[in-house]
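As given in TrEMBL:
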ACT_SITE  His453  active site
ACT_SITE  Asp504  active site
ACT_SITE  Glu513  active site
DOMAIN    50-526  domain 'Glycoside hydrolase family 9'
SIGNAL    1-27  signal peptide
Amino acid sequence: MAPRVAPRPSPIHRLCVRILLVSFLAAHRLVPSCSASFFGFPAAAKRHDYRDALAKSILFFEGQRSGRLPPGQRASWRGDSGVSDGALAGVDLEGGYYDAGDNIKFGFPMAFTTTMLAWSVIEFGDDMPRDERRHAAGAVRWATDYLLKTLAHPGVIFLQASAPHCSTTVAFVHVAETLRVGDPWKDHDCWERPEDMDTERTVYNVSAGRPGSDIAGETAAALAAASMVFRDDDPEYAETLLASAIKAFEFADTYKGAYSDDPDLRAGGCPFYCDFNGYQDELLWGAAWLRRASKDDTFLQYIQNNGNTLGAEDSSNEFGWDNKHAGLNVLVSKEFIEGELLPLQSYKEFADSFVCTVIPESSSPHITYTPGGMLYKPGGSNMQHVTSISFLLLTYAKYLSRSSHTVNCGDISVGPVTLQRQAKKQVDYLLGDNPMKMSYMIGYGDRYPQRIHHRGSSLPSIKDHPQRIACKEGTPYYNSSGANPNPLIGAVVGGPGEDDAYEDDRAEFRKSEPTTYINAPLVGVLAFLVGNPNPGHIRH
């Protein structure tokens, strides 16, 4: 005979027993009376300090500055660097931002970073505390001051600058935008502080003979968007930005081509920032921003007349420094949603299609999520997708909330609140609500990465160690298992992989390296959450 088994108590019975037991223990001060985890339920996610995270996300950009630092510099462990950038080509290219953990100034991602910083202020600046709004505008201006320099010489646009070690200068100044200052291959062969760079700063640029519609179109978008940031406080500067944006766009549209199609420019820029997606999206992106900033119907007509030939229908569930389609569709759909401009209806349809790929409940094929709930796309530096797509969700929710429009995802209808909550989940994951119980923003929370892939952060500060640390002398610091001596406050690293695991290894650059284009859209997302910590209560 089989042994008799006592009947199992029902779930309700077990729950009642637990409640009685907790009440008894709480009365005798043996356990907290509201211990949710005691019942076997997951403990409630802690409330995040979005204002603190916002302040830190903006502060990060001060740690990435190149050039002479201003008196109000708050990342005090940094010093002046790259002050002679452009000198080898006879131009002034001081300033701007290093793109990531290296000492290179790549024009393409820097322009995208600028666009996203400006868009963050435009859409969500009213949710920022006054000081943070001022710091955010300062971060935009540090970039635009540099981008204006890249356009200052007729017929040439400079691309980037880095610290090549004993390299040959390549400058095409006889021909309009800087692609890059420096040789990334040589730069990546060194582990040294930006303040110690004493090698040649190679200048690369696009021209009529070597077109770069991608970088010129993105620069036009950046300057146009930034002009809206400064329109009230500094109208003269705003006009300069807008006029320069128009010139950059005219160059992009007149001399069509991708910079990475040119063998010489490709050798300097690939595989780091190849334009895999083509230049067509940047032309539409630049025109869309010029339309929004100027209200000029000429740019509206450009979008309408060239949408098909430039691939506006190429819907994508990606948005970043290379692929602008999803952002373009969200941006242009604003005019249809708010102004009922029927010729632009297709842009809303494309934006809706993008949204449906992000909503897990949608029947549409959608983006992959990790077991812990993080939006995931293969390729490394995954947080760039988390922040940029979250930004688009919140921005589209804002546009939808001002109308009766919703998003039809097959068997479900999606409204603004759903988009807001989806974005909030991603940001909360980034800030610590994840399987690792780790914040992926340096300086936020009790636990965050200590060994990020970043030269200036991982080497002794020039303020503490004024003696030069040469190219290869930094290698022991790179190989060290110790924490970085200069926390790059606010930096968001590439983040965990598809299994939610993060090793905090400086050598794992795909996971441990921060970038400006991770943080730029996050500024807007965090600003929204400062003003709307509980999505569902929209402030108009």
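Backbone N, Cα and C atoms are what each Cβ position is placed from, and that goes for glycine too.
Shown here: features listed in TrEMBL, placed on the structure.
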residue: His453; record: active site; Cβ within 10 Å: 24
residue: Asp504; record: active site; Cβ within 10 Å: 18
residue: Glu513; record: active site; Cβ within 10 Å: 21
Rounded to the nearest Å - Cα separation of His453 (active site) and Asp504 (active site): 9
Arithmetic mean of per-residue pLDDT over the domain 'Glycoside hydrolase family 9' (50-526): 91
Alpha-carbon distance [Asp504 (active site); Glu513 (active site)] in Å: 10
